[in-house]
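Accompanying notes for the structure given below.
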Amino acid sequence: MRPLSPPPAGWFCVLAGVLACVLGPVGSWAVGLQQEECDYLQMIKVQHKQCLEEAQLENETSGCSKMWDNLTCWPATPRGQVVVLACPLIFKLFSPTQGLNVSRNCTDEGWTPLEPGPYPIACGMDDKASGLDEQQTVFYNSVKTGYTIGYSLSLAALLVATAILSLFRKLHCTRNYIHMHLFISFILRATAVFIKDLALFDSEESDHCSKGSVGCKAAVVLFQYCVMANFFWLLVEGLYLHTLLAVSFFSERKYFWGYIFVGWGVPSTFIMVWTVVRIHFEDYGCWDTIHSSLWWIIKAPILASILVNFILFIRIIGILVQKLRPPDVGKSDNSPYSRLAKSTLLLIPLFGVHYIMFAFFPDNFKAEVKMVFELIVGSFQGCVVAILYCFLNGEVQAELRRKWRRWHQQGVLGWDSKYQHPSGGSNGDTCSTQVSMLTRVSPSARRSSSFQAEVSLV
């Protein structure tokens with residue numbers, strides 16, 4: 001009998017994807033196959049090639065010819081004999097029972113189906129694994145839907161907020177420039193998530209072990225850069241606000257370019273190093289695996305930024321406590337505590353303080369809870385930041401009302417702008433009264449006014 005024809009080229013991709021889904025919640029399988037699993041799949045490819053070459057060299061027999069069934073090479077066998085082989089080695093990674101065998105019988109009609117059943121059942125992956133696979137599929141689809149909604153809302157809100165801060169010149173100042181860069185980092189992060197999902201899940205590049213395409217790797221590199229840049233711009237927000245409160249006098253223009261370097265330059269440095277190292281040492285798959293020592297090139301700077309921002313957050317809350325403390329100790333006044341609570345809640349999304357909850361836990365600790373918190377809750381952070389620091393900002397609302405009154409008057413009364421009375425100040429007055437002109441007052445008054453501009457909702 002003739003040997004079976006080779007399986008389609010994408011069969012190994014399907015095998016890798018199925019094995020990844022079957023293992024469900026354990027951390028490594030949630031994102032892709034590790035190097036050990038990839039080694040097994042590579043071994044299967046080698047065995048497949050060797051089996052087909054040997055089958056072509058063998059003479060025709062009256063029994064069953066050598067056959068490759070996508071996992072095991074069955075030797076040429078006379079009719080009437082049963083061949084018993086051990087389960088493929090790859091099943092030992094996730095089957096609790098070891099030492100299981102599979103068999104086929106050579107008959108006049110050829111090889112019989114696999115006994116005692118298909119590989120998943122015969123080698124220890126039974127209904128429990130299938131049920132787990134189905135549950136995890138539902139869970140991951142729900143998570144993907146959740147963060148897709150969150151990033152979509154954030155993207156829409158951030159685009160509008162960035163346009164507002166960019167178009168109205170009276171809102172141009174260092175503080176709002178930093179806000180705009182933070183908004184842009186959130187926009188890039190949301191966009192990169194959609195591109196990565198398109199490259200990894202909505203395309204045929206599901207094999208995490210073969211050499212991925214340049215486009216797929218580029219999508220992952222872009223995603224990692226945007227995520228790191230977003231964390232570093234959260235750090236810049238913390239550094240800027242802390243500097244306003246702690247430093248008597250400083251050049252905002254000089255510091256601003258330093259903030260630009262921290263927000264965009266530092267992440268690009270780490271990502272370039274990570275990219276070069278992966279090309280030389282782990283250039284397999286689509287670079288979406290995170291369970292190797294190389295992942296710390298990205299993870300360590302992000303953890304450091306989260307920790308520093310949390311420390312800055314605690315220090316700023318301490319300054320708030322001092323500033324909002326009632327002057328009369330004997331007087332009972334709940335207003336300062338209410339303002340402190342509002343200020344704290346206002347700063348949490350700006351500093352990304354919520355990330356500290358799971359930042360220093362192992363990746364496989366409460367993996368599903370961590371995934372929901374970081375992916376779904378984190379996806380709405382950009383929307384919350386845009387609402388708090390643009391749409392609910394007093395300066396923005398005042399400028400929008402002023403523009404609306406002018407447009408309304410021009411539309412209803414036909415007024416021309418050249419006949420309008422000049423505004424009370426030049427472009428940028430709104431921000432200059434909040435930040436730039438603070439250099440003309442005492443350090444304590446300057447720090448107080450600047451901070452009040454940040455927490456104008458309180």
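Every residue gets a Cβ built from N, Cα and C, even glycine.
Taken from Swiss-Prot, the feature disulfide bond covers Cys38-Cys209, Cys51-Cys73, Cys64-Cys106, Cys87-Cys123, Cys216-Cys286, and the record attributes it to similarity to another entry. Residues or ranges marked as N-linked glycosylation site by Swiss-Prot: Asn59, Asn70, Asn101, Asn105. The annotation signal peptide is assigned in Swiss-Prot to 1-31 on the grounds of sequence analysis. For 32-142, 198-217, 278-292, 361-368, the entry in Swiss-Prot reads topological domain 'Extracellular'. The topological domain 'Cytoplasmic' annotation in Swiss-Prot covers 168-175, 243-255, 318-339, 393-458 and is backed by a curator's inference. The transmembrane segment feature in Swiss-Prot is assigned to 143-167, 176-197, 218-242, 256-277, 293-317, 340-360, 369-392; the stated evidence is similarity to another entry.
For Cys106 (disulfide bond), the same-chain residues lying six or more positions away in sequence with a CB closer than 8 A to its CB are Gly63, Cys64, Thr77, Pro78, Arg79, Gly80, Gln81, Val82, Val83, Thr112.
Checking Cα-Cα distances from Cys123 (disulfide bond) against the disulfide-bonded residues (Cys51, Cys73, Cys216, Cys286) with a 10 Å cut-off leaves nothing; none qualify.
Of the two recorded stretches, the transmembrane segment (340-360) does not lie close to the transmembrane segment (256-277), with fewer than three CB pairs under 8 Å once pairs fewer than 6 apart in sequence are set aside. The subset of recorded positions (Asn101, Asn105, Cys216) lying with their Cα within 10 Å of the Cα of Cys87 (disulfide bond) consists of Asn101, given in sequence order. Outside the transmembrane segment (256-277), and at least 6 residues removed from its termini, the chain residues within Cβ reach (under 8 Å) are 174, 177-178, 181, 185, 221, 224-225, 228-229, 232-233, 235-236, 239-240, 294, 297-298, 301. By the criterion of other Cβ atoms within 10 Å of the residue's own Cβ, the least surrounded of the glycosylation sites Asn59, Asn70, Asn101, Asn105 is Asn59.
Note on the topological domain 'Extracellular' (198-217): mean pLDDT across this stretch is 67. In the topological domain 'Cytoplasmic' (243-255), the DSSP tally of helix, strand and coil residues is 8 helix, 0 strand, 5 coil. The list of residues near the transmembrane segment (293-317) in space but at least 6 beyond its ends in sequence, with Cβ under 8 angstroms from a Cβ of it, reads 224, 227-228, 231-232, 234-235, 238-239, 241-242, 245-246, 266-267, 270-271, 273-274, 277-278, 281-282, 340, 343-344, 347-348, 351-353, 355-356, 359-360.
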